[in-house]
Amino acid sequence: MRRIGLHLGLLFACAVILVPLLWVVRTSLLPEHLSYSPELMPAVTLDNYVALFTSTRYGQSYLNSLIVAFGSVVVALPFAAMTGYAFARFKTSGRAGRFAVLATQMLPPVAIVLPAFALLRTVGLTNSLTGLIIVYAAVNLPFLIWILMGFFEGIPVDLEWAAQTDGATAWGAFWRIVLPVSLPGIAAAGVLGFILTWNEFLFALVLSGPQTATVPVALAALQTSNGVQIAKVSAGVVLAVLPLVIASRFIQRFIVQGLTFGSVK
Amino acid sequence: MSSIELDHVSKLYANGAYGVRDVDLSIGEGEFVIFLGPSGCGKSTTLRMIAGLEGISSGDLRIGGRSVNNVAPRDRNIAVVFQSYALYPHMSVRDNMGFGLKMRGVARPLIEEKIREAAGLLGLTPYLDRKPAALSGGQRQRVALGRAIVRDPVAFLLDEPLSNLDAQLRAEMRLELVKLHRRLGRTIVHVTHDQVEAMTMGDRICIMREGRMIQVGKPLEVYADPVDTFVARFLATPPMNLLPARVEGRGDDLAVIGDGFTVEVPQMHRAAYAGLAGREVIFGLRPEDLHEAPQPGFSPIEVSVVAMESLGVENILVGQIGTGASGGKPLEISARLSRHFTAPVGARVPLHLDPRPMHLFDPETTRAFPRPSLRLVTN
């Protein structure tokens, strides 16, 4: 009886999460005039997807988002790895330093976005992908540092000691032993950073222009004075979710794989 | 040259606590030395200081006569085998073993040859292409040893390398390490908290407690003449019986009297212990010096049996003596008896105590009162 109750509860929870998503998928595949039809699936068409790419800049925005998300991860990861390692292994600035890094995440984004805009305007990087990449790398850095710090703390220091007595320098031990061993963790952090950037709206809205809009901004732009173009929005959302679905598959595999497979008992 | 000298070496942590305090030790070339002590006593810290993985707060550390206080681990040419083995998980056994040589820029064919040699020596040849995750605990342990051997270091530092192995494998590896030492002739420092390893493997035991090295000597020396009650209890299982007592009488009548026992001080110790008459002491006697049968010079005691542990080769009797009249509980005592001796729990049995190997300790300082050594083994 308890099991039945449990399963009913789980089914309900799944429904709460899945029904809106499935409804969006359904709406994206319906002709626009049937978007609000009470029937489940009165017709199927790909017109919304075609229209999204032909009558709006969604394709450009999609590419922008990919570039910005990848770029910010590529820029942020090396810094995050080195800082996270320093926090995990050395007494670098102590606990205060660690929490100061995290504390920057506690500011509301709105408090940072205007100074960021002013800064980018000074150096002429507003309305540019480079500017967005730099800002996202900076904004995501504390979070990535904390994730990687956890991974590095999980790597036994014995491994580095062994490498050092084997003839490696401290840097060599980091490069040849710690980095390869923590690759799953670094990959997981990279995927998380990608997702964070991919979903971000406020910074993209303020710092980008029509040429450099990212997916969230492009989706918001479909809300016009003539009302929300729900069919196109649905198609856009389905496409926007795709990379995240793929990313979560990866991240799951990397995290499950574990870190120190068989190095220490 | 591979002698290691610790000259008043200390490790002081930032919080003011000493990890290692004023350790003074000279390890000869080719010597097999054991650091023994309970966890947290500073033995692993001392080992890491020798390896260069831990800084030295004061004192001087010399390897082969050269001061190495400020020499990086990689320039000390010392190999460490860690308790966790610390194998590189992303490398094959072959690459694990060759890593040290690769770091030193040795040519690939020579590395291959050394790996082959060490793998043959340790029986690892079939596993060279496996990753550490695909090896058993014993095999990983061998790889860790192999990684040390191929480098041909001046000394091996082993940090509890056997503690993760099961009992049978541990006994085998113990023997193999001793053989390996004989074969390679290199200095070995072996850290352990296992008394059997300490007694059987090393040329010398260094017993550590709370950061200090409290006794250094050959295993049987330390066993026969512990400097204090800590060493007396630590070095064997069951540990030495320590009973509060009082020295009474004088001359031929000198005796140690405690709750439930009276031991006449044998002739050979009278001169040494004569000055203790009238003093409170701790009487120490190892379980193997209690016997079922009387012999001239033995002192009889009566023990009520609390437990009998039959180990096959021998029986360990745990019992109580005395009445607890002095306010405490009855004193617990253990005796190592023949396997034919049995007694039901609760029975009172007579035992006979050989007073010749007795020790007297100062109850305040716990240090042993000096007396002539009884050691039969002198080498």
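Note that Cβ sites are derived from N, Cα and C of the backbone, with glycine treated the same way.
TrEMBL: automatically predicted annotations, no manual curation.
Per TrEMBL, the listed range annotated as transmembrane segment is A:233-251 (candidates: A:5-23, A:233-251). A Cβ distance under 8 Å defines the sequence-distant neighbours of the transmembrane segment (A:132-152), meaning residues of its chain 6+ beyond its ends; these are 64, 67-69, 71-73, 75-77, 79-81, 83-85, 87-89, 98, 101-102, 104-105, 109, 112, 116, 120, 125, 178, 182, 185-186, 188-189, 192-193, 196-197, 200, 203-204, 207-208, 212, 214, 259. Counting residues 6+ beyond its ends, the transmembrane segment (A:62-87) has Cβ neighbours under 8 Å at 97-98, 101, 129, 132-134, 136-138, 140-141, 144-149, 151-152, 174, 178-179, 182, 186, 189-190, 193-194, 197-198, 204, 208, 212-216, 218, 239-240, 243 in the same chain.
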